[in-house]
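Data first, discussion second: the structure below is written as structure tokens.
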Amino acid sequence: MDHFHYHNGELHAENVPLARIAEQVGTPVYVYSRATLERHAQVFREGLADLPSVHLAFAVKSNPNVAVLKVLKEQGFGADVVSEGEMRRALAAGIPAADIVFSGVGKTRRELAAALEAGIGQFNVESEEEGEELAALAAERGVTAPCALRVNPDVEAGTHAKISTGKAENKFGVPYDRAAEMFDRLARLSGMNLRGLAVHIGSQLQSLAPLEAAFSRMGALMEAIRAEGHHVTHMDLGGGVGVPYREGEQFPSPADYGAMVARVCKGWDVTLMFEPGRVITGNSGMLVTEVIRVKQGVTAPFVVVDAAMNDLARPAMYDAWHDFAAVRPTGDRLTASVVGPICESSDVFAKEREIDSVQTGDLAVFRTAGAYGATMANTYNSRALVPEVLVSGDRFAVVADRIEPAAILAAERVPDWL
Ligand code: LLP
């Protein structure tokens, strides 16, 4: 459920007509609904209500806007970060350092040091090499690094190959079969407080079965590690559940997920940690665009919009579906391809799809664009970096400016020897 709805024939975000935002801020523009973010945060938390000890860390990668982070901080979420930049954003939003988890396979020495100095709550260590480096950096500073060892459970997630992370051939985590001995070695290093395990097998999973298989394997590993005399007090179970992008798609709900976790992790006696991203932010955002023109094609017309693959990369990168809808629908329908202005054949949002009929100058939206949308935007073809707006009830605010090509040009130099 979200708080985008038609009122008097016009699409609104909460109580604000999208047309008003487009008029004042221009297009393309991402629009987020605070009430939807809050609702999704609450539904996810309620789904886990039966678990004894839970830590929620919002996956900042899905939407790192600092205002969005502030909304989630108010909902009691910590942050799962994968770079120093994301960590700085989480801190800027007021998320306590102790509630920050640092994941990622390529944390640099500088990032490890910065996170130690900030005093973050947990490092999810992805290799023995990283663990050794982190322990040494911590020991030099006279501190201990709270850590979980990320394990690759070698489970087929059944999602898009580009967002699957838990197969042996993926770069993430340490091999399952060697995890117990690595845990033993790393736990002995001074500077290291190895207190748990972490796992994440992929995003947008349609079924709970692969997650259940991965969590069961982690339970067995935890028992083996405990049998060696180690304390395991934290288990990080990775990202959230998937979200429907098109009508008819079915995904496990947070409540289904929570029930599975309660069953599989019964008696573990750990703090269970979660890093949901998409399930919180996905349906909380839309990309608003204006139709530049409708061009006749051989097999179907092309609706050319002012948003492009640089603003919303998911269709071009993962063949992802985003519903397209008119802001002021007439009731007429049209079969057309919706495309952006970029000079690439992959700059296509919808291929010969039945959509609301639109004409030059009309406003339209791509739905479910709040996760992995603005954050993956770039300036390809010297286009502007897309702005972001947050709506709350009757109010809205620009929470990220449009960065114009002139500003990007101003950051470039021609050396005097040219
Ligand atoms: N934790 C870890 C370690 C992750 O790698 C991810 C996502 C998450 C949590 C959050 O997963 P979520 O709850 O959002 O499913 N750009 C792609 C998605 C990449 C996801 C990468 N990792 C897309 O647009 O579909």
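Please read every residue number as a count from 1 along the shown chain.
Positions of Cβ are set from backbone N, Cα and C atoms, glycine also.
Just so you know, TrEMBL annotations are computer predictions that nobody has curated.
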Select one of Y257, Y372: the residue that TrEMBL places in the substrate site alongside R278, R314, Y318, E344. Y372
Among G240, G242, G248, G340, which is the one TrEMBL gives for the pyridoxal 5'-phosphate site where E275, P276, G277, R278, Y372 also bind? G240
Near R278 (pyridoxal 5'-phosphate binding site), which recorded positions out of R314, Y318, C343, E344 have their CA within 10 Å? none
Candidates G277, C343, E344, Y372 (recorded positions) with CB under 6 Å from ligand 1, in sequence order, are G277, Y372
Which of E275, E344 has the fewest nearby Cβ atoms, counting only those within 10 Å, among these binding-site residues? E344
Pairwise C-alpha maximum, in angstrom, for the residues (R278, R314, Y318, E344, Y372) that bind substrate according to the record: 27
Between all pairs in G240, E275, P276, G277, R278, Y372 (listed as pyridoxal 5'-phosphate binders), what's the biggest Cα distance, rounded to the nearest Å? 15
